[in-house]
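Some features that TrEMBL has for this protein:
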{"type": "TRANSMEM", "residues": "35-56", "note": "transmembrane segment"}
{"type": "TRANSMEM", "residues": "76-98", "note": "transmembrane segment"}
{"type": "TRANSMEM", "residues": "119-142", "note": "transmembrane segment"}
{"type": "TRANSMEM", "residues": "162-181", "note": "transmembrane segment"}
{"type": "TRANSMEM", "residues": "244-263", "note": "transmembrane segment"}
{"type": "TRANSMEM", "residues": "284-310", "note": "transmembrane segment"}
{"type": "TRANSMEM", "residues": "330-363", "note": "transmembrane segment"}
{"type": "TRANSMEM", "residues": "383-400", "note": "transmembrane segment"}
{"type": "TRANSMEM", "residues": "412-430", "note": "transmembrane segment"}
{"type": "TRANSMEM", "residues": "437-456", "note": "transmembrane segment"}
{"type": "TRANSMEM", "residues": "468-489", "note": "transmembrane segment"}
{"type": "TRANSMEM", "residues": "510-529", "note": "transmembrane segment"}
């Protein structure tokens, strides 16, 4: 059994690597445009595939299905509300980003506010990626693979701690090689290939799971059984004691989604590499349609796992791996595990590529060596990337024991998501708010949220309100504070954003109608499952 699992796993993993190499091995990676932005050559299918796979790593597959195992359908907010953020990215943020021809979000803050704001934002991103994002990707991937491949039996290693460390380091080293030797285009191509496998495999899990719930009588029987046994778990609107209470859809949950899809360097670097604004908008909106399918393979499997295995004593974050291992035949288990490794590698190498971009352009060339050549900048990114990879591999196993991986991720993300989003929005919507206001927003926001999360007596506020309402309140305070500073001590000259002619900025004619259609579909999905 395990032999077929291992063979199919190695075959698909090797096939993706071979196809990616054949497509990208002639790419020019000697300069920053080629290495960090794929030569600004990405078309909409590659953008959509890379956006989807960068997002859909195991912190989503394992973490979100684990949240659904615990709370039911209401956690679909992290998928469905994301569509609203993608529409805003396509129609508002992306045209402004491409107008400036930026490679990183901090470069926009340099243009709008000044070098101190850029430096602070770079440092925030790098610290957050090193201690939050990269370790969570590796840890969740290791947990998922252990369940899918039954690694204790396959390897003969009984110590869960030893196996966790070995899995984390194995995946981390492969991801680092992809990201640091191949550049952004290699990441985008491998992402697109893996996205196809992920969608096919993810939907197959749902089909087999529903059939199992229905005792082999088909998916309709399975769905009917879930409706009969778990009607309260099929409510799109979360209650006050659940991870995503429905009022938070309009406060912190929306803001975290908005940052993630419109301002998060790891995600939007793909859109910066678009061949034109029209291609970027098509790619972003296509991603929106794909995200509407997200609850099928990121939430429903967790509900199915609860129906089948609630009495087995498994932890929520073990539910998805447990489901895959018991539903799929060995050869398909290996194939799907390979797809999952692709998802892990996608998010890990995407985050690592963004990390090297932030360091090389923001710190190495921006601060340490302003006269560095293109080749030296690329080399500095690779060296720093290895440092970050090793650090994240060392931190990842320390996350063992978190009660809800996905809830932990969103909680920690808010610490830096909210301040950066507030500063970017004020920067784009105002002309005279000065750099001092942006510095207040970045540093003040992190301090306020950290105090509310961790430091007595300030953290007593979380006993009075939901954490997502709290971070939304901080967001409003930051906006008002920056506007007040702009009123008291405005810039001498109004900021005017110039078009640097990096790409064709002609918008896609279908962008607005398709965006409206996506918003209607979001509303319809929530209305259909609201109880």
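Glycine too: its Cβ is placed from the backbone N, Cα and C atoms.
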- request: State the residues, same chain only, that lie 6 or more residues beyond the ends of the transmembrane segment (412-430) and have a CB under 8 A from a CB inside it; answer 'none' if no residue qualifies.
  value: 93, 96, 105, 108-109, 112-113, 117, 121, 124-125, 128, 132-133, 252, 255-256, 258-260, 262-264, 437-438, 441-446, 449-450, 453, 467-468, 471, 474-475, 478-479, 482-483, 486, 495
- prompt: Would the transmembrane segment (468-489) count as touching the transmembrane segment (383-400), i.e. at least 3 C-beta pairs under 8 angstroms with sequence separation of 6+?
  reply: no
- line: Between the transmembrane segment (284-310) and the stretches 330-363, 437-456, 468-489, 510-529, the largest tally of CB pairs under 8 Å belongs to 510-529
